Every structure is written in C-alpha cells, then in structure tokens.
Amino acid sequence: MFWEKLEKIEGCDFFKEIEDSTNIELIKFFLKYIFQGDKSYSKLLKNVSKDEKEMEEKDTLIQYLTLIIVANTRYYNLFIKNYVKRYFENIEKTLNKLPNKVSVWEFIKVSAHSRNNDLKLESLELDKGVVDISPVRETYYMELIRVRLREMVERIKADSDRTILEHEGVQEIVKFMEKMVKPQDVGGIKAVNFQGEIPLEWHPPCIRKILEDILSGGSPSHYARRSFVVYWFCAKFNPNLRPLNKEGELVNISALDIAKSEEAIENFIEEMLKLFSNVEDFNPEKTRYYICHNIGYKVADHLTHCEYCKNWREDGGKGLRYYCNPDEICRMRRNGRPLVIHPLDYLCYNINRHMKRKKR
C-alpha cells in the first residue's frame with residue numbers, strides 16, 4: 001500500500017526539499033485536500049509534473065514531507081483521521097478487490113493497536129493461521145492504515161530534528177494549517193456542579209431514543225449501545241468530559257480516573273446490566289465485558305468516548321444516524337456556530353439552565 005512508497009524515501013533531505021517553493025505550495029494544497037476535501041491538489045500536481053511517473057514520485061514526496069511536518073505538531077491525530085477518510089473515498093470503487101483473508105499475526109498487530117471493538121479475533125473465522133476478515137473488511141483496512149500512519153508518525157517524532165519548526169518554510173505551512181484546522185469540536189458547554197437525579201428530559205433526543213429502544217426490548221446497533229453506555233457513565237460522573245482537549249488531542253482517561261472508586265463503577269455496571277437485560281440478544285457475560293471495555297475498566301485502560309454530534313449525522317453505517325433527531329436545543333447557535341456539538345453539551349446546557357433558575 002501507500003506507506004511502502006513513503007518508506008522508500010524516508011532518507012530524503014527534508015531541509016533541501018522544503019526550500020523549494022513549489023513543494024511548499026503543494027504541501028499547502030495537500031493539507032487542504034486532507035482536511036477540507038479540496039481537490040485542487042491533484043490539478044496542481046499534474047501541472048508541475050512532466051508525466052505520470054514524475055507525478056507519482058512528486059506525490060509520494062509531498063505526502064512524506066507533509067507527514068514530517070504534521071508529526072511535529074499537535075495536529076497529527078486529526079491528520080491521520082482525515083487521511084484515512086480521504087484514502088477510502090478514493091478507493092471506494094475498488095474496495096472489494098482488497099483481500100478477504102490476512103495472516104493471523106498481521107491481524108493481531110492491527111487489532112492490538114486499534115481501539116475498534118469490532119476487530120476481535122474470537123468473532124472471526126481462523127483457519128491454518130489465516131483470518132477471514134470479510135465481516136469487518138472495511139474496518140480492518142481503515143485501522144490498518146491508521147496503525148501504519150501512527151507508526152510512521154512515532155518514528156518521525158523520535159528521529160526528528162528539533163529545529164524543524166524553526167524553519168521559515170515549515171512555519172509558513174504550520175500557520176496555514178492552524179488557520180484551517182482549529183479544532184471546531186473543542187468547546188461546547190461546561191456544566192456547573194450539580195447534585196441530584198437528572199430528569200430524563202435533560203438528556204439529548206438521541207440518548208433518550210436509544211434508551212427507549214433498550215427498554216422496549218429492541219436491539220440498537222453496537223455503536224449505539226457503546227455511545228449510550230459511555231454517555232451515561234460520563235453524565236453520571238463527569239458531564240464536562242469530552243473526547244478532545246483544548247489542543248484538539250484525544251483525552252485518554254480510565255473509568256477510575258472519572259468515577260474515583262471501584263464501588264461506584266461496579267454499581268454503574270450493575271445498573272447497565274439490568275437495563276440491557278431488556279434487549280433481545282442480552283448475554284450478561286458479553287454485556288459486562290463490553291461495558292467494562294467501553295468505559296475503560298479492568299479489560300481496557302481508557303474510555304471509548306461518545307461520538308461528537310457530527311459523527312452521529314455522518315455515521316458511515318454505524319446505526320447512529322437513526323437516533324439523531326435534533327430538537328430546538330440541538331439547533332441553537334451562538335455567533336453562527338452550533339451551541340451543542342456533543343451529546344453531553346445538551347445535558348450541560350440543561351444543568352446550567354436549571355442552576356440559573358434555582359438562583360433566582
């Protein structure tokens with residue numbers, strides 16, 4: 001795949017290549033493509049290349065130079081996420097040509113570094129050291145790319161010249177990137193301290209609808225169940241927790257960091273088990289395992305965050321969009337931007353509104 005080409009030019013003279021104004025311009029356009037989906041990059045690349053071979057070589061160089069720069073900024077996680085998205089947009093028509101079977105060791109390498117609950121070896125067919133990934137093929141290849149990119153980023157960070165960000169050309173690119181990718185998901189609403197039971201109507205429509213499905217014996221998708229569990233956990237112990245921090249980096253935090261005591265966590269798990277006993281495919285052992293995994297307790301060391309609202313709307317077949325029915329609070333805006341960008345924002349808005357009324 002593409003990283004094989006990138007690995008071949010790892011020894012290129014970065015500072016020499018970054019002196020080329022054409023390369024700087026191409027890097028900017030490539031970043032616009034990755035973060036915004038702007039297709040001007042391919043046109044510019046074609047204009048500065050003599051033929052297909054040169055265009056391919058130049059593209060590989062630009063991608064690698066970009067990766068070096070991004071790896072030295074706080075935006076590398078966002079870059080990887082968007083790179084995977086663009087890559088799959090390009091190969092969508094040929095996705096079915098990717099192999100359905102992979103070596104068990106390749107699968108383990110990817111799944112061990114992935115946070116996707118679908119990549120579980122025990123749920124797939126294994127025959128003579130080969131795993132049939134047909135049921136999770138797209139997920140597997142997305143995670144494969146993410147893992148390989150992250151490995152390259154870590155390698156670049158470890159070997160990087162610390163003066164790289166002092167280079168004038170690099171500073172120009174970083175400033176360009178900062179203007180374009182200021183994390184818009186960071187922010188939302190923070191709640192003041194609140195003690196007491198949270199009324200059902202304070203929760204967002206998506207969460208209420210999943211709860212209704214569960215209580216009525218329905219069978220919400222895996223992602224819907226996961227989103228509900230982690231939302232409910234955070235709503236109970238820390239409604240101000242969000243997936244990204246101020247720098248736009250993923251917040252890795254365990255259940256104990258949030259709830260502070262094992263007793264509180266165990267009580268929460270029992271509450272969830274009682275709730276999920278209503279669903280048609282309820283299995284207490286599996287349900288307990290997934291709850292623990294999702295909240296980052298014992299079987300995992302980090303919480304799997306509830307998705308941002310935009311990911312509910314553009315769920316990629318995860319079964320979240322079905323539950324996304326915005327009401328007037330969801331649609332509220334401040335300075336032209338959505339006020340609620342995460343399900344917990346909805347809860348925090350209602351907590352704050354209640355506390356203000358209480359003071360009057």
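Indices start at 1 and increase along the chain as displayed.
Glycine residues also receive a Cβ, built from the backbone N, Cα and C atoms like all the rest.
Heads up, TrEMBL stuff is auto-annotated, nobody curated it.
Taken from TrEMBL, the feature domain 'DNA primase large subunit C-terminal' applies to 198-329. According to TrEMBL, the [4Fe-4S] cluster binding site annotation covers C206, C306, C324, C330.
What TrEMBL annotates, mapped onto the structure for a quick look.
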residue	record	Cβ contacts under 8 Å, 6 or more apart
C206	[4Fe-4S] cluster binding site	S227, W312, L320, Y323, C324, N325, P343
C306	[4Fe-4S] cluster binding site	S227, V230, Y231, C234, P243, H342, P343, L344
C330	[4Fe-4S] cluster binding site	P204, P205, C309, V340, Y346
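All chains included, 19 other C-beta atoms sit within 10 angstroms of the C-beta of C324 ([4Fe-4S] cluster binding site). Helix, strand and coil residue tallies for the domain 'DNA primase large subunit C-terminal' (198-329), in that order: 70 helix, 2 strand, 60 coil [DSSP]. Within 8 Å of the Cβ centroid of the [4Fe-4S] cluster site, not counting the listed residues C206, C306, C324, C330, the chain contributes P204, P205, I207, C309, W312, L320, Y323, P326, P343, Y346. If you average pLDDT over the domain 'DNA primase large subunit C-terminal' (198-329) in this model, you get 90.
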